[in-house]
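Structure record follows, encoded as structure tokens.
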Amino acid sequence: MSLIEITEVRKSFGANEVLKGINIDVDPGEVIAIIGKSGSGKSTLLRCINGLELIDDGSISVAGAQLLPDELHLKALRLKVGMIFQQFNLFPHLTAGGNVMLSQMVVKKTPKAAAEAMAHKMLERVGLGHKYDAFPDELSGGQQQRVAIARALAMQPIALLCDEITSALDPELVAEVLGVVRELASEGMTLLMVTHEMKFARDVCSRVVFMHQGRVHEIGKPEEVFADPKTPELKQFLGVH
Amino acid sequence: MIEFSLWDIVRNLLLAARWTVVLSLVSFIGGALVGTLLLFMRIGRRRVLRLFAKYYVELFQGTPLLMQLFLAFFGLGLFGIDVPAWLAAGVALILWSAAFLTEIWRGCVEAIAKGQWEASSSLGMGYVQQMRYVILPQALKIAIPPTVGFSVQVIKGTALTSIIGFVELSKAGTVVTNATFQPFMVYGLVALIYFALCWPLSKSSQVLERKLNVAHRNH
């Protein structure tokens, strides 16, 4: 059975239909790269999966948790999928450790000591154990993004959504974040990532989804999609002629 | 004719200034309490309450404080309720402060980046948890300078209550002038006392703004 089931999902912003019937099934442990031009609906799709945008039609479920627009169902769903954002969105008033602890304590009601231990463990995992007491504005972009990953991981999700997580980073910081993602992938974490890192998509991902004008235009293994694009749109996007 | 020494004048003005201070404190603290309540209505999810708070703020911001004082003072009298000047002054200033503080604080809550809501949502937090742990702690920090700044407006606003007969600094100034026939000096002293009350607050608002800005670099 698929872990994430996206069925006939439609979404409009006003008169502008940005998702025109999306179908994707993701198996446990798969790493999916979603590529496409800006405006193709790829970020919107990702944001629909954990309910940051409400869908107009179709259905989304993650490990049996249905996407329904009430707080109880949304919470159940969001406990299963974590999300990492382009702009990191760390809580600036809390230290790195505090960022990782907060949701464990208020959402899962984890006791403080256990949350602290988990925060240390997760920050260690992204290579930032020594930055436990640092505030977000004392960290580089790459470090902030790694804290954001640790924060999501501390909730022990079964899948992670990554929304252009390296796009706001200076080039030399991209590798450290992708390194962490690569490690997660090798440990079997299910990942859905909107990305512009084609090389990364080719190396790490199990499938690539090319979105164009609100539809899944091509989908397949990276070696097929990158080496042998079928449609002119994908050829143009990849710059092969 | 009785001669008044400078000290007589200053002493009487300072005694009356106590009431300016008391009225300012009552108005500000009361306004903050009512304002907090209104803020939660204003940014909450119940449409009726949101609209109520919105129109409340518009009403009180859209009419002169003087009219509000008159209405509180004379209006209740129409229903046979005898309102003493201090009560009318207190109530009107509390309601007026509440409106402005609600609006200031709403701005601060809305200034928190959308990403903070999204990140906390995606971690499974509900509305109340987001407010309590993520949004308000940050909003509070940026709210301090404008709130302190507004307290200056409250102090100056109390001067208007002299018109309905509440004896505070301005009213005392008028009374003393009527006895001494030295309006320029008396009102000059009154202005100085107001300045002594307000200036430290304005200054600290500026200092706080600079300090908190350093701590609140946006990411």
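Glycine residues also receive a Cβ, built from the backbone N, Cα and C atoms like all the rest.
Summarising the annotation, TrEMBL assigns domain 'ABC transmembrane type-1' to B:17-205. According to TrEMBL, the feature transmembrane segment maps to B:20-43, B:55-79, B:85-105, B:142-164, B:184-202.
Count of Cβ pairs under 8 Å against the transmembrane segment (B:142-164): among B:20-43, B:55-79, B:85-105, B:184-202, the largest is for B:85-105. Residues 38, 42, 85, 88-89, 91-93, 95-96, 98-100, 102-103, 157, 160-161, 163-164 of the same chain lie 6 or more positions beyond the ends of the transmembrane segment (B:55-79) yet place their CB under 8 Å from a CB of it. Long-range contacts of the transmembrane segment (B:184-202) within the same chain: residues 9-10, 13-14, 17, 20-21, 24, 148-149, 151-152, 155-156, 159, 169-170, 172-173, 176-177, each at least 6 residues beyond the stretch ends and with a Cβ under 8 Å from a Cβ of the stretch.
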